[in-house]
Each structure stands twice: as structure tokens, then as C-alpha cells.
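Colleague: Once you've had a glance at the structure underneath, I'll fire off some questions.
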Amino acid sequence: MQSTSNHLWLLSDILGQGATANVFRGRHKKTGDLYAVKVFNNISFLRPVDVQMREFEVLKKLNHKNIVKLFAIEEETTTRHKVLIMEFCPCGSLYTVLEEPSNAYGLPESEFLIVLRDVVGGMNHLRENGIVHRDIKPGNIMRVIGEDGQSVYKLTDFGAARELEDDEQFVSLYGTEEYLHPDMYERAVLRKDHQKKYGATVDLWSVGVTFYHAATGSLPFRPFEGPRRNKEVMYKIITGKPSGAISGVQKAENGPIDWSGDMPLSCSLSQGLQALLTPVLANILEADQEKCWGFDQFFAETSDVLHRMVIHVFSLQHMTAHKIYIHSYNTAAVFHELVYKQTKIVSSNQELIYEGRRLVLELGRLAQHFPKTTEENPIFVTSREQLNTVGLRYEKISLPKIHPRYDLDGDASMAKAVTGVVCYACRTASTLLLYQELMRKGVRWLVELVKDDYNETVHKKTEVVITLDFCIRNIEKTVKVYEKLMKVNLEAAELGEISDIHTKLLRLSSSQGTIESSLQDISSRLSPGGLLADTWAHQEGTHPRDRNVEKLQVLLNCITEIYYQFKKDKAERRLAYNEEQIHKFDKQKLYYHATKAMSHFSEECVRKYEAFKDKSEEWMRKMLHLRKQLLSLTNQCFDIEEEVSKYQDYTNELQETLPQKMLAASGGVKHAMAPIYPSSNTLVEMTLGMKKLKEEMEGVVKELAENNHILERFGSLTMDGGLRNVDCL
């Protein structure tokens, strides 16, 4: 045990070891509170005094939630050597987190965003104080759990740090080689002397490698044999990186370098976040310091990412989930454009559904006022055009080969890889199930909305039939009036045109039978048991009641337990006979559980999901055809309504001229009677006939007017027929 005046620690209670110091878990003598105690070794005292004091001076300047806090600088009781009393971080480092098999292929998106936020926050504080860290890596980013239960990451180990302004440079070498800037790598690792000096932006390269590692679980630049076994190829990769690339991997000995500007398929970050993150990585993983972003642009771009809100969207036809990263002050027009970037559905073709209702977003509506969404309750988007089903894009990862040879080191590495693969399969199975559940929900809602559209079309057709019937009756009565006018030798040039309209209206009336037949066909397809009922969605695929994810989790727990035991066995370096036999039995169990898990994943999860996806694509294609057919029928009804309305307007104009024609008819009779000198009987007959004609015409005019009034009232009752089941925001 060692101690200072206020703290004590056990030499066996070590938290970490470095080149110049060890860190122990210590306690305050009076309170018992835990602290991290950094004790410097003999090698550290070989450094110049100013270098030894540099870490103390740097830490004294820093005070930020994302920097490990320095509480005191004390002296060890016996040696009188300086020790640092620092904030204790019980959850280890980011490296510890990435070593967990569950993070073998990168952190979950929510955790990665916390890492991004906290590292950027800590880096910004360093820059505000003119400090360059020079050894940023996952092992120097500590983790604690905050009061809200979320992780908080803090930069630590400022042994390599020094004060440096943006326009200053340095020549001394520090850092960990996998995370080193290429210029520093050349001199520090390859031992090649050059006259280059290094600026503060060398930290940005290390940050870029760290972020890529956190996002994917792997280093971005990897020679075939590994970064530390083939340093020349490593240097070739980091200096030869094309502009825009964020990774370079050599997959075979002496093979070519595979460059990529995208995250690997196994990365769990969403497409929306990757689109924002990859340009940042591409511009800070830049060997040429002239081309590399400066701190100002780095902080501006990362701050832009961190200040966005997320809107969850599910593309029904693609069968894909999306996260739309958007500023709260952006409008719906921007949202539609961002949806297009991820789904390739143009804004004019995007139909939105939220909680079973159509969602219409006013183009000026701010994103902060959109409905609240989650992964399980997103906004659904469908297209008015045919789209191919995509489904979940994921890496098809196989189990590593399990060698029968007894090897503690090899077995621990193998067990870690196996556990990582099964973790990935378990996570993928959960996502596949979520996609199927969202499809079931979306299909059910889409069927209901199409039924609403069908009812609207039936409603419109009924309205058109009634209107058409009234109009035909009006025209027929108008024809009678004009025929009576013809009897008294009055000119009625409109009669021929009215007869043509009557013929056209009868033709339109006869077309209603075809529309009715098509509507009945659509109704039968949408009805329970019909071709487009949603019963298939409940029959195909996997369901929560199958508990496939839970079954995989049970196997994963067994595998993880064996992995942790193998880690302990590796630390022992050599096992007694009985422990060795148990180790061999566990290795057999590991193989059994892993193969069973992957077989279950393949047969029960993937195969059934693929069948569900194929059925979904077929159903969506048929549904789109039905919707287009229904839209065509609706348009036909509107076209007929428009044509009937035009004829009705013409009929109304004729009705307005009838009183004048009736007066003309009366005058025409008197004028015709004067020169003929008819007998008194003939005159009486003609007068009575005209009175009767006038009464009939007045009756027709009155009836026509009443019909028009009924039509107007009917129209006002149906004007809002198309606005049901719609949320307008």
C-alpha cells in the first residue's frame, strides 16, 4: 500500500499502465471517496523537468465536464514523488466499451452521438485554452454514468499534451501509432528523419480515427497482417489515402488496398447520420495539413450534426427505416427534400401516414411542430409510383473457424470473435422483426386509407349519378318546351343543340355501369379474404410471439459467459489439469451454442423474413395497381361531373330565356290571328291552347328551378367529402 497525506491505494488495485506512469484506484483517508491516483515511474523522471511539469500545468488550466478533473497534486509519503489525485471513472474507457462483444461492429447510434458530443466538447475546451493533446485514442477517453443514466465521456492522460496556438508548431513525438498523423507516424514509427513540423490539427487525425473506430468497431486503416506487424504498408495506406476516402483495408498479403468513402455495411449508424459524418471524417483524415480542415470548420460541422433533431420515417414500399436529421427550424419543404435524399421518392410523390391517418404537412411548417416519432412509431411514407423492395441492408457475417487445438490466447480471441458475430446476429434479428411489425402496421393502415378512398369514390359516383339524373330530366323537360314553341311556329334554333346534349347525357349515364362494375371489383379485392386483404401479413414472416430474438439471447448469454471465462483463463496463462479439461469442454459448448444460434438466425429469422419481404413486394405492386385504377375511376367521376355541370349551366341559360320566348309566343299568336279573321270558335280554341301551353311552360320552368336548387344544396353537402381521415399540420 502507498499513500499521500490525504489518500491511499493498493499497488494491486491498478486501473491502467502507461509508459511513464501507473494509475491506481485510491480512497480519501477521511471520506472513503474513490479517486484515480496517477503515480509516475522512474522512466518519467528521465524527462526534462519542464516536460515533467507540463502535465500539471495543463491540468490546472482545464475545467470542463468532458475533461477528467484534477483535484490535487500531492506527494507520495515515502518517495516524495508527485502524484495526481484525479476524478475516478468506474466504467473504464471508450476502448473498454469497444472491446465488449456487443460493440464488435461499432456503437449503437445513440451511444455514438454521446461520444461525438463529449469528445467535441472536450476538444473545444482544449482549443479554447490553447492546448493540443497529442495522444487522443479510445483508451484516453474515460466513461462515467451521469445522473440521468446516460454515459458521459471525458478526455484524460495529458502527459503528451502541451500548450500550442493554432499558428504554432512542434517537433517532439507522442501518441499511439494506430492513431498517429502520417507525418508523425513516419518519424516516430518508421524512424525516418525529416524536417516537418506539426501543428495543432494533428489531433484532428487522431479524432477521425477514434470516431471511425467507435462507429465501426474497427480501425479505418488496416494492413493484412495488422497495423503493428506491417508498418511500411500502414504508412503507405495513411499517406496514399485518396481524397474523400475514410478507410483503406488490405484484404490479402501483398494485395491491393480497398478504399472506401462509406462506412461498412455492418455499421449500425443510420444512413442519415452517416451522410453527415462521412464528410467530416474524410476532411480530418487528410494527410496534407494544407487540405485538412481546421478546428473552426471541424467544430462548426460537428456542432451542426449535434444540433439536429431526428424524425423517424419508414418507407413502406422499400421496407426500410430512415432517420431524418433536420434542424428544428427547418420547414416541411426541407423535410420532404431530405426524405427524397434517402428514399429517392420525389416530394410530389410522397404520401405520409402517421398513426393511421394521412399526414399533410404545410410546406412552411417547422420541424419542431411535427408529430413526435420513435423507431417503433415513425411517419410512414409511400410513393404513387412503383418501387422495388429493399429491406434491411446488413452484413452476412459467418462464424470464424474454431480450431480444435488447445491455446489459451487463441481461444480467447476466437471466443471474442464468435461472441461478436452472435451479438450482431441477435441485433439483426431484432431489427428484422421490427421491420416486419412496421410493415404489418403500415399495410393495415394503407388498406384502411384505400378503403376510405374507395368510399369517397363511391360517394362521388353517387353524387354524379344523382346530378346526371336531374340534368337528364331537366333537358327532357326543356326539349318539351321547345317542341311546344315549335308548334306555334316560333323559331327554336336551340332545339337541335339541346337534343345533342340529351344524347351525350344518356351516353354518360350508360357509362356508369362500367364504373360500377370496376368499383365492385375493387371492393371484392379489399374485402376480408380478398386478394388485397392484409391477412398475408399476419401469416408470413416472424412474430414477437415466436420469441426468436429471446431464443438467440439465451444462446448469446451462454456464449458470452464462456468468453469471459476464456478471458480469465488467458490471464492465468496456464491452467491446472482440471481447469484445462473444463476449458476444453467449454470450447465444445461454445461451438455448439454458436452454430445453433447462427442456424436459428438463418432458418427462423432470415428465411422467414425473406419470404415476408417477397410477399410484401408482390402485395405492394398489386395495391399500387388498384390505387391507380381507383384514381382513374375517381378522375372519370370528376370528368363526368365537370361535363354535366357544363351542360347544366347551358340548360340554366336556356331557362332564363324561356319567359321572353313565352311572351313572344303569346304575341305571336295575336299577331298571327289579326289578318286571318278566324271564326269565333277557332279563336277560342287557339286562346285556350296558348293558355295551356303557357301554364305547361311555367310549370316546367318552376320544376327546373326547383331541380337546380336541389342540386346546389346537394353539392354543398358533399363538398367536404374528400377531407375525411386526414391530419393537416
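Here, residue 1 is simply the first one shown, and the rest follow in order.
Keep in mind that glycine also has a Cβ here, set from the backbone N, Cα and C atoms.
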Colleague: For the feature phosphoserine in Swiss-Prot, which residue out of SER172, SER247, SER645 does the record point to?
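Modeller: Residue annotated phosphoserine in Swiss-Prot: SER172.
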Colleague: Can you tell which of LYS38, LYS60, LYS61 Swiss-Prot lists as binding ATP with LEU15, GLY16, GLN17, GLY18, ALA19, THR20, ALA21, ASN22, VAL23?
Modeller: LYS38
Colleague: Given 266-321, 658-713, which one carries Swiss-Prot's coiled coil label?
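Modeller: In Swiss-Prot, residues 658-713 carry the label coiled coil.
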Colleague: Please classify the secondary structure at LEU15 (ATP binding site) using three-state DSSP.
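Modeller: The three-state answer is strand.
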Colleague: When you rank ALA19, VAL23, LYS401 by Cα distance to LYS30 (ubiquitin cross-link), which of the recorded positions ends up on top as the closest?
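Modeller: Checking each of ALA19, VAL23, LYS401 against LYS30 (ubiquitin cross-link), the shortest Cα distance is to VAL23.
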Colleague: What is the set of residues, excluding LEU15, GLY16, GLN17, GLY18, ALA19, THR20, ALA21, ASN22, VAL23, LYS38, whose C-beta falls within 8 angstroms of the centroid of the C-beta atoms at the ATP site?
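Modeller: Surrounding the site, in chain order, are VAL39, ASN41.
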Colleague: Suppose we draw a 10 Å sphere around the Cβ of ALA19 (ATP binding site). How many other Cβ atoms does it contain, all chains included?
Modeller: 10
Colleague: Sort out for me which one of VAL23, LYS30 has the most neighbouring CB atoms within 10 A, since those are the recorded positions we care about.
Modeller: VAL23
Colleague: If you measure every Cα to Cα pair among LEU15, GLY16, GLN17, GLY18, ALA19, THR20, ALA21, ASN22, VAL23, LYS38, the residues listed for ATP, what is the largest value in Å?
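Modeller: Across LEU15, GLY16, GLN17, GLY18, ALA19, THR20, ALA21, ASN22, VAL23, LYS38, the widest Cα separation comes out at 14 Å.
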Colleague: Quick one: Cα separation, LEU15 (ATP binding site) versus LYS401 (ubiquitin cross-link), in Å?
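Modeller: Answer for this pair: 34 Å between alpha carbons.
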Colleague: Within 10 Å of the Cβ of GLN17 (ATP binding site), how many other Cβ atoms can you find? Include all protein chains, please.
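Modeller: The answer is 9.
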Colleague: Using Cα coordinates, what distance in whole Å links LYS401 (ubiquitin cross-link) and GLN17 (ATP binding site)?
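Modeller: Given the Cα positions, LYS401 (ubiquitin cross-link) is 33 Å from GLN17 (ATP binding site).
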